[in-house]
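The domain 'Guanylate kinase-like' feature in Swiss-Prot is assigned to 2-180; the stated evidence is sequence analysis. Summarising the annotation, Swiss-Prot assigns ATP binding site to ALA9, PRO10, SER11, GLY12, ALA13, GLY14, LYS15, THR16.
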Amino acid sequence: MSCLFVISAPSGAGKTSVIRTLLQTDINLTLSISYTTRPPRRDEKNGHDYFFVDHATFKDMQARGEFLESAEVHGNLYGTSRKWIEETMAAEQDVLLEIDCQGAQQIRTVYPQAASIFILPPSMEALKQRLEQRGQDENKVIERRLAAARSEISHVNRFDYVVVNHELETAARDVASIVQAERLKTIRQLVRQRSLIAEFS
C-alpha cells in the first residue's frame, strides 16, 4: 500500500528546498510534476520542475478531467495529473505532491488517507526577507504574496502536520520523520508485512 504525501506552504517558506533535500535521501519517494501556465524561472526545466503549458492547453486538459486537482495561484493555473498519480501509486511507489492549500484540500477529498504537511516560515519578517532575496518579484508582487501567506496560514489547522522551517536541514529531517512514521502505520504494515505476520498466526 503506497503513501501519498501533500506538502503546502506560503510562497517563500522554503518548501521546494525542503523537498529537494528530502528527495536526495529518500529514493522510494517520487515527486509529482505539476502542470502550470506560469512562465519558467531561470533555473527551471520543462518536464523536470513543471510541465509548462499555455492557458488554452491547460483549460482543455481541465475540461477532459485530466487533473486530480487544479487551482489558480497568483494569477497562474496549476494542476496535478490524475493518470500519473493513479499509475504511480498502483505501482506501489510513494508519491509526494508540492501544491498550494486549495489543491491540498481537493486531494484530501479524493484521497482522505493522504498525509498533509504544512511548512511555516519562522516569522513574517523572515518570509519577507526570503522573498526579497530571491530577486524575482517587484515590491508590489511581494506584498501580494505576503497577503496571500496570511490567508494560507489561516488554514494551517486543516493539515495533519506542521513543520517550521527555521533551518533547511532540520526542517527536511522533520519531514523525513513524518514520511517514515506514515509508512509504519499499522494499516500499511498489515499489507506490506502480510507474509511475515502470517508466519505467526
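Just so you know, glycine gets a Cβ as well, placed from its N, Cα and C.
Feature annotations (Swiss-Prot) mapped to structure.
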residue : record           : Cβ within 10 Å
ALA9    : ATP binding site : 26
PRO10   : ATP binding site : 25
SER11   : ATP binding site : 24
GLY12   : ATP binding site : 23
ALA13   : ATP binding site : 26
GLY14   : ATP binding site : 24
LYS15   : ATP binding site : 23
THR16   : ATP binding site : 15
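Each of ILE119, PRO121, LEU127, ARG130, ASN165 belongs to the same chain as ALA9, PRO10, SER11, GLY12, ALA13, GLY14, LYS15, THR16, is absent from that list, and has a C-beta within 8 angstroms of the C-beta centroid marking the ATP site. Secondary structure at GLY14 (ATP binding site), as computed by DSSP, is coil.
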